[in-house]
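Per Swiss-Prot, these features apply:
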BINDING   Cys16, Cys41, Cys98  [4Fe-4S] cluster binding site
Amino acid sequence: MSATVIREDGAYHSFCGLTCVGWLYQKIKDSFFLVLGTHTCAHLLQNVLGVMVFARPRFGVALIEEADLSKQQPELNAIIDEIVADHHPSVIFLLSSCTPEVMKVEFDGLARAVSRPNLPVLFVPASGLDYTFSQAEDSVLQALLPFCPVAPADDRRVVFLGSVNDAIADDFHTEAARLGIPVAGFLPESHFRDLPPIGPGTVVAPLQPYLAKVAGRLARERGATVMTSLFPFGPDGTRAFWEDLAAAMGKAVDLSERERQAWERLEPHLEILRGKKVFFTADNLMELPLARFLRNAGCIILECSSPYINRKFHARELAALDGVRVVEQPNFDRQLRDIRALRPDLVISTLATTNPLVGHGVVAKWSTEFSFMPIQGWSGAATLAGMFTRPLKRHAQLDPLMDDPLWVAGLMPG
């Protein structure tokens, strides 16, 4: 059995795809992310990512001014020269934003025009008109795919799909070695020149639930086998992930004792989570595995909503959520009414709606944070659990009088 997906009429898009820069520029250490956008894009990146300009981060915004509206194509050569002189990148990602998309800028041609012999400039569609913010990583990985060497058919190794920090990557390498699973690498790797070979013998193991498109391309264009499993979030997901990966490589492993020990280490968090009612609004495409983890941790999932659900890519997660109300493209007005009626203990909500919910006395958590945190695998389980328990513990320490509507009367919209 599998959870029945209810589809409503809410917005498919939740937050700007440009924010994928926040974790990807740190992952791909010889890259530069150049956004063609407006002052709004620049303010978004600086404020959301919290990086000051004088820190000289490896991302920037080529600003579109009013005079550019009459030009056929923006002039970027001088900006590329400056990036090369200051940062010496091996690859530059040129990200689209809403305004140049509306202007019909021909990004593919623009990227080719400013590429150098030893410095590819790769177009990445990341506009909020087309993608949720986590899906923009999918676009970056699709841009990298042509630069992955073609592996021979007899090269039977694993490629982990999705960006994770170096500590989590080391954890996956260590666990694979312990289980005797040969690894070709990660997509993306820490350096552009180290991209893994991918071919018909490759087993692709997705680490993130928002990479359905690039996974499909790897299967179609390279003949790779894309593993279908739970995503490695929490002890339950991590056990299933490694057991299924071992099976795909012709090995049989039993990690039940490893899972039991992992849950045991999480007991201080589980004491807080058991019996709590949790409501997911839609934001980052990570809702399904997060809800599955919480359900197995003892929570009651009132609703798990996501902007987009891929029935094939998310099949195992949907099966694990059988009996849970799962909604695609939820109507937020309806959700507000349900939150008011059901009174959840915790709401996982968007950056834009969390503070207003808190203003109405709801205990809420930014869903945006999960994309930036090391929550995968055995080593990430405690971080994952802590992200749910922290707002609950913080609220429990507040004076009960702070929940009185008097404190927000007239401040928050009704």
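Each residue, glycine too, has its Cβ placed from N, Cα and C.
Annotated features taken from Swiss-Prot, shown on the structure.
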residue : record                        : Cβ neighbours (10 Å)
Cys16   : [4Fe-4S] cluster binding site : 24
Cys41   : [4Fe-4S] cluster binding site : 23
Cys98   : [4Fe-4S] cluster binding site : 18
Check: same-chain CB within 8 A of [4Fe-4S] cluster site center, minus Cys16, Cys41, Cys98: Gly17, Leu18, Val35, Gly37, Thr38, Thr40, Leu44, Ser97, Thr99, Ser127, Gly128
